[in-house]
Amino acid sequence: MNEPAANKSEYAEKLVKNSIWLFAAEGFSKVIALMTQVFAARFLGGEGFGIFSFAFAATGTFIVFIDTGLGTFLTREVSRHPEKAATYLKNVFALKRKLSFVTCLVLVVAMFLVSLEQKSLWAATAIGLALIINGYTEMYLAVLRAFENMRIVSILMIAHRVLFFVLGLIVLSGGGDVVVFSFTFLFVAIILLFFARRQMAFQPDIKKIIPDDRRTREIFRQSLPICGFILFTYIYFRIDAVLVFFLLGKLETGWYSAAFKLIETLALLIASIRFGVFPVLSKTFKEGSGHYQKIWQETVRYLLLISIPIAVGIILLSTKILDLLYGTAFEAAGPVLQIMALGFPLLCLNDLASYLLLSQNKTPSVLRIAGFAAVFNVVLNIFLIQKWGMTGAAWAITLTQGLVFLAYYTKVREICGRTGMLALLFRPLLASGAMAGVLIGWGTLPLIPAVLLGMAVYIIALIVLKTFNDSDRLVFNRILKRPHRRQEKPR
């Protein structure tokens with residue numbers, strides 16, 4: 001029996017309302033972050049930007065997986081047990097202090113085992129410390145996400161990006177090198193931590209709670225599989241920059257990272273949908289509800305509508321994009337950007353699928369898939385980079401995304417049943433084909449007019465194909481129309 005449109009739209013409306021603040025914030029903050037990277041590439045040059053990108057990828061391998069894993073655990077558990085938020089946060093911080101100490105030791109040993117020249121060493125040190133501090137900030141943001149307080153999360157994200165952009169631009173325009181630029185990132189991380197901590201005023205009891213070693217060990221045990229998943233995902237998504245650095249050099253790392261940053265920015269922007277839907281999925285699992293099947297299908301539909309035209313547009317306009325942002329010195333990254341764009345829709349779907357499985361306590365399955373993908377990607381990278389250079393690394397990540405998609409999709413079907421992927425693909429592919437035809441025919445257009453024309457053709461094609469249904473219209477109407485009537489106070 002078909003559900004009424006009003007009832008069907010309830011799940012999509014919840015998703016969009018949760019995501020709208022994060023999507024807007026991600027849109028602004030990621031554009032600012034991308035512009036920071038663009039200015040860094042232009043001022044530092046290919047080699048300097050290569051050092052900066054390597055420092056992020058290399059130190060992040062030891063740090064980010066712990067913070068993201070604990071943050072994901074916090075969001076999931078506090079979403080289900082909001083009354084225990086202060087207890088979870090205090091014990092997570094106790095655990096994180098111990099892990100941070102171990103991480104610092106590992107980083108120090110790794111830096112001295114690998115003979116880096118002085119600039120690379122100092123840049124890696126500054127960025128490593130900044131990422132450790134950002135990890136503490138992420139714990140606060142994880143709790144705010146669990147309470148679906150996306151407005152504060154959005155403000156903090158934007159403040160972080162804008163402050164680094166402004167200070168970074170001042171440093172770069174003043175002649176600062178990659179080391180000074182990296183320490184600027186560390187300074188901004190310290191400031192953001194201070195402001196994020198102040199947002200915990202709604203948890204006044206947190207100072208009274210004494211960490212419990214037994215509970216801390218239990219949190220570590222429960223979050224360890226998630227941390228492992230994040231580690232493996234980070235490896236197969238970012239290890240290519242590290243391998244390019246050691247196998248090809250700084251300049252090639254700078255070119256490769258210029259293309260990668262564009263794809264990463266777009267992927268993280270679209271990941272705001274996942275940040276919005278994850279607390280909802282976790283709650284529906286606790287309630288024993290089957291609503292997450294509908295949330296999954298609606299989210300996949302929206303992701304395909306967004307990611308497919310972006311991928312097609314990047315493939316067709318890659319040279320113009322790189323010229324506008326980075327200048328002609330980075331034109332060598334054109335083929336890399338086109339290859340990465342092929343896997344962009346899969347990247348978006350894989351991100352969503354992994355967090356759906358995590359929200360349903362399918363962590364062991366996700367861990368096995370990500371672990372196999374990490375090993376596969378490293379081996380493939382070493383082989384393809386030596387054979388085809390930067391384009392080999394791009395093919396390695398794209399092929400890995402395809403492998404991961406097949407594995408995740410099989411697991412998701414066990415929970416959600418048939419998604420109807422072919423039916424969901426039909427309209428965005430057809431509309432993107434129309435957009436591609438127009439862009440090829442008007443190939444001499446500058447980038448901005450070409451993007452605007454492509455967007456217009458794509459949207460018109462979707463309307464002609466009757467892509468949007470009553471549920472979509474109801475969702476957008478409810479979001480855009482705020483009630484103005486106020487309840488009268490009793491006299």
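Note that Cβ sites are derived from N, Cα and C of the backbone, with glycine treated the same way.
Record features (TrEMBL):
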TRANSMEM  20-45  transmembrane segment
TRANSMEM  51-74  transmembrane segment
TRANSMEM  99-116  transmembrane segment
TRANSMEM  122-141  transmembrane segment
TRANSMEM  153-172  transmembrane segment
TRANSMEM  178-196  transmembrane segment
TRANSMEM  224-248  transmembrane segment
TRANSMEM  254-281  transmembrane segment
TRANSMEM  339-358  transmembrane segment
TRANSMEM  365-386  transmembrane segment
TRANSMEM  392-410  transmembrane segment
TRANSMEM  422-442  transmembrane segment
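Of the recorded ranges 122-141, 153-172, 224-248, 392-410, 422-442, the transmembrane segment (51-74) has the largest number of C-beta contacts under 8 angstroms with 224-248. Counting Cβ pairs closer than 8 Å and at least 6 residues apart in sequence, the transmembrane segment (339-358) and the transmembrane segment (392-410) reach three or more and so form a contact. The largest share of C-beta pairs under 8 angstroms with the transmembrane segment (365-386) comes from 224-248, of the ranges 99-116, 122-141, 224-248, 392-410. If you look at the transmembrane segment (224-248), the same-chain residues 6 or more away from its ends with a CB under 8 A from one of its CBs are 50, 53-54, 56-58, 60-61, 64-66, 68-70, 72-73, 256-257, 260, 354, 358, 363-364, 366-367, 370-371, 373-374, 376-378, 381-382, 385-386, 389-390, 393-394, 396-397, 400, 404.
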